[in-house]
Each structure stands twice: as C-alpha cells, then as structure tokens.
Amino acid sequence: MDRIVILTGAGISAESGMGTYRGPGGLWDSMRIADLATPEGYARDPARVHEFYNMRRQRSATVAPNAAHEAIARLQRDYGGKVTLITQNVDGLHEAAGSPSVIHMHGRLAGALCTACDHRWDAPDEMSPGHPCPACAAPEARPDVVWFGEMPYHMEEITAALARCTLFAAIGTSGQVYPAAGFVQEAFRAGAHTVEINLEPSAVVSDFAETRFGRATQTVPAWVDDVLGR
Ligand code: BV8
C-alpha cells in the first residue's frame with residue numbers, strides 16, 4: 001500500500017469563501033505581511049494584529065467545508081494505507097469536513113498561545129493586547145499562528161512522513177512560502193510520485209511529475225476517486 005502525504009494551501013478553501021493570500025483579491029494584496037504576519041509587526045502594533053486575526057477568526061467561523069475538503073476526508077477514511085494531511089491553512093475546514101487528523105504547520109485561527117508560559121487554548125472571538133492567559137494569568141495572549149520568520153510547527157513529523165511517502169500531492173498552494181514549497185523536493189528524493197492540483201501552475205510546478213489544473217471542488221474529488229479506484 002502507498003503512503004500518501006497531502007499538503008494543502010489557501011486554494012482548497014477558496015470555494016468555501018475563505019480568501020486566498022495571493023492572486024486576485026488576495027489578503028496580502030491589501031494587507032502588509034510585515035505589519036500583520038511577523039513578530040516585529042505584532043511588537044509594533046499588537047492591537048492591529050489582534051484585530052486582523054479577530055476578523056479572520058470570526059470570518060472562518062461562518063464558512064463551510066467544500067467538496068475538496070470532503071474528498072480528502074473520504075480518502076483518509078477509505079484508503080487502506082497511511083494518509084498524512086498537512087495544511088498551511090489556519091482555518092478549521094479540514095476538521096469540519098471530518099478529516100480525522102490534520103497537521104497545522106502554520107497554526108490555527110481558532111488557537112491562542114501564551115507567550116509567557118506556552119499554554120495553548122481555544123481563542124475567544126475577540127482577543128486584544130493584555131488578554132490574560134487562563135493558565136498563568138500573564139497578559140500575554142497572542143494568536144496561535146506561525147508568522148514569517150517563525151519556525152513552522154510539527155516539522156519533525158512532517159520530515160519523517162515525507163521521507164517515507166510514495167505519493168505526494170500539493171493542493172491549492174502557490175508554492176511561494178517555505179519550507180512548505182520545498183516539500184515536493186523532499187518527497188521526490190524519497191522516490192514518491194508527485195502531483196500538483198491547483199487552479200494554475202504554482203511557483204514550483206516544474207518540481208512535480210504530474211499536474212491537474214482546475215477548481216479544487218472538481219479536481220480533488222476526481223483525484224481521490226482515481227487513488228481509491230487503483
Ligand atoms: C521559516 C500564517 C525559518 C499567518 C503564514 C527567501 C527564500 C526562501 C524562504 C524565505 C526567504 N525569505 C524569507 C523566507 C522564509 C519565509 C518565506 O517563505 N517567505 C516567502 C514569502 C519568500 N518563510 C517563513 O518565514 C516560514 N518560517 O522559514 O522559519 C526559521 C528557521 C529557524 C528558526 C526560525 C525560523 C514561516 C512561514 C509561515 C508564515 N505564515 N500563514 C496567516 O495566515 O495569517 S504563510 C501564508 O502563506 C499562509 O499560511 C498560506 O497558506 C501560505 C501559503 O500561501 P498559499 O496557501 O499557497 O496561498 P496563496 O494565496 O499564496 O495561493 C493560493 C493558491 O490557490 C494559488 O496558487 C491559486 O492559484 C490557487 N487557487 C485559488 N483558487 C483555487 C485555487 N486552487 C484550486 N481551486 C481553487 N478554487
């Protein structure tokens with residue numbers, strides 16, 4: 001049996017109404033990464049960053065998973081071999097679609113983190129500077145999201161899965177953010193077949209053996225049917 005590793009990005013949530021980061025109407029088109037998704041930006045203006053994440057946390061609670069999220073949950077349920085699902089997304093749509101395990105390498109909008117004691121808890125809708133940590137009461141709560149310049153989460157587990165995988169699929173990602181954009185090369189070095197499933201060619205499309213272009217709600221269920229049908 002194959003060992004499948006799937007990496008998803010904002011494109012898989014696009015048809016659920018969650019914005020993407022780049023491309024038409026992308027979050028980073030209107031917002032400055034340096035001000036909103038870096039530790040330096042947070043240190044400069046924590047209220048502005050909390051507001052940015054409060055707005056996205058509330059938006060994330062209003063959208064539903066789509067056929068692409070549901071197809072991946074079906075693959076995780078029905079496939080005989082191991083399926084490791086890694087997402088760059090900070091929304092909870094894979095879990096909402098029924099995926100039994102999701103590795104959030106860039107954290108989660110629904111999570112809060114205490115910078116004083118490392119405690120993690122479910123974030124309230126609204127967080128602001130000085131929000132107290134429920135464990136140590138320090139006024140040090142921040143969104144539990146990985147900013148640029150910070151180490152992504154679960155990298156040991158991810159590296160081990162890539163080193164053993166026989167099939168790697170990147171779905172809905174522009175391939176512009178590292179280390180995620182380099183996972184295809186790690187999978188290729190492990191001897192895996194690699195497939196890019198995206199609306200258009202990503203920045204690393206040439207690293208993939210196979211490509212399937214189109215909207216995720218069309219391309220992902222078809223790909224899952226192919227994998228399950230093999
Ligand atoms: C780190 C959380 C090291 C926050 C995010 C120069 C070279 C190489 C690397 C670097 C460099 N300079 C700096 C770096 C490192 C940096 C980086 O890669 N920068 C880039 C911009 C050059 N990376 C980091 O800082 C990472 N950390 O390297 O740490 C380290 C080592 C030791 C010690 C300490 C540190 C951390 C990166 C994580 C940043 N956080 N998110 C938040 O979300 O608010 S990144 C952010 O981008 C999201 O996580 C997002 O998921 C991710 C990637 O974007 P995509 O998911 O790909 O989304 P995008 O909009 O770009 O693309 C959407 C795609 O979907 C498109 O291709 C589109 O065509 C497609 N699509 C659209 N609609 C559909 C569709 N596809 C199918 N169907 C549709 N309907």
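Yeah, the Cβs are placed from backbone N, Cα and C, and that goes for glycine too.
Taken from TrEMBL as is:
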DOMAIN    1-230  domain 'Deacetylase sirtuin-type'
BINDING   Tyr53, Arg56  substrate binding site
BINDING   Gln88, Asn89, Val90, Asp91, Gly172, Thr173, Ser174, Asn198, Leu199, Glu200, Ala216  NAD(+) binding site
ACT_SITE  His106  active site, proton acceptor
BINDING   Cys114, Cys117, Cys133, Cys136  Zn(2+) binding site
Query: What is the separation, in Å, between the Cα atoms of Tyr53 (substrate binding site) and Val90 (NAD(+) binding site)?
result: 10
- prompt: Which binding-site residues among Arg56, Cys114, Cys117, Cys133, Cys136 have CB under 6 Å of ligand 1?
  reply: none
- prompt: In terms of Cα spacing, which of the binding-site residues Gln88, Val90, Cys136, Ser174 are within 10 angstroms of His106 (active site, proton acceptor)?
  reply: Gln88, Val90
Statement: DSSP, reduced to three states, assigns Gln88 (NAD(+) binding site) to coil
- prompt: So how many other Cβ atoms are close to Ala216 (NAD(+) binding site), meaning within 10 Å of its Cβ?
  reply: 27
Message: Restricting to the chain of Cys114 (Zn(2+) binding site) and a gap of 6 or more, list residues whose Cβ falls under 8 Å of its Cβ, or answer none.
response: Arg120, Cys133, Ala135, Cys136, Ala138, Glu140, Ala141, Arg142
- request: Between the Cα atoms of Ser174 (NAD(+) binding site) and Cys117 (Zn(2+) binding site), find the distance and write it as a whole number of Å.
  value: 35
- line: One residue among the binding-site residues Val90, Cys136 has the fewest other C-beta atoms within 10 A of its C-beta, namely Cys136
Field: Gln88, Cys117, Gly172, Leu199, Ala216 filtered to the binding-site residues whose C-alpha is within 10 Å of Arg56 (substrate binding site)
entry: none
Message: I need the most crowded of these recorded positions: Gln88, His106, Cys133, Gly172. Count other C-beta atoms within 10 angstroms of each C-beta and give me the top one.
response: Gly172
Residues that sit under 8 angstroms from Leu199 (NAD(+) binding site) by C-beta distance, when 6+ apart in the chain: Gly11, Ala14, Gly172, Phe213, Gly214, Arg215, Ala216
Query: How many neighbouring Cβ atoms, not counting its own, are there within 10 Å of the Cβ of Arg56 (substrate binding site)?
result: 19
Statement: Cβ density check for Cys117 (Zn(2+) binding site), other Cβ within 10 Å (all protein chains) comes to 12
Task: To the nearest whole angstrom, state the Cα distance for the pair Cys117 (Zn(2+) binding site) and Gln88 (NAD(+) binding site).
output: 25
